[in-house]
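*Asks:* Sequence annotations record features per position, and here TrEMBL assigns compositional bias 'Basic residues' to 1-16. According to TrEMBL, the feature region 'Disordered' maps to 1-20, 90-115. Taken from TrEMBL, the feature domain 'BZIP' covers 21-70.
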Amino acid sequence: VVGGKVKKPGKRGRKPAKIDLKAKLERSRQSARECRARKKLRYQYLEELVSSRERAICALREELEMYKQWCMAMDQGKIPSEIKALLTGEEQGKAQQNSTKLAKAAKTEANSSNP
């Protein structure tokens with residue numbers, strides 16, 4: 001007896017409502033479907049990310065190879081025509097446009113890599 005009331009043994013609070021077993025199973029199936037869909041989307045996103053990174057790596061390797069060839073030519077005493085053009089300023093505008101494009105591509109790549 002607590003405060004004039006007879007206390008019943010057992011748990012306090014609401015009694016759990018009897019949940020229909022079929023409804024519970026259907027909710028579980030739906031949850032599993034949604035989980036699989038989220039997982040599929042995540043894997044697609046990761047595959048696209050890997051593919052874009054691989055393309056960027058290929059572009060950088062090509063650029064590196066070009067610079068290596070320029071260095072080898074300069075070691076042999078030859079000045080590549082591209083460097084001559086840069087030195088004479090004929091292609092300064094084009095070089096600036098290319099560097100601007102590369103910078104924008106790098107920014108876009110960096111932004112797309114942040115999920």
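Even glycines carry a Cβ here, placed using N, Cα and C.
Each of the listed features needs to be described in terms of its position in the shown structure.
*Replies:* Break the domain 'BZIP' (21-70) down by DSSP state and the numbers are 50 helix, 0 strand, 0 coil.
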*Asks:* Suppose you look only at the domain 'BZIP' (21-70); what would the mean pLDDT be?
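*Replies:* Here the mean pLDDT over the domain 'BZIP' (21-70) amounts to 96.
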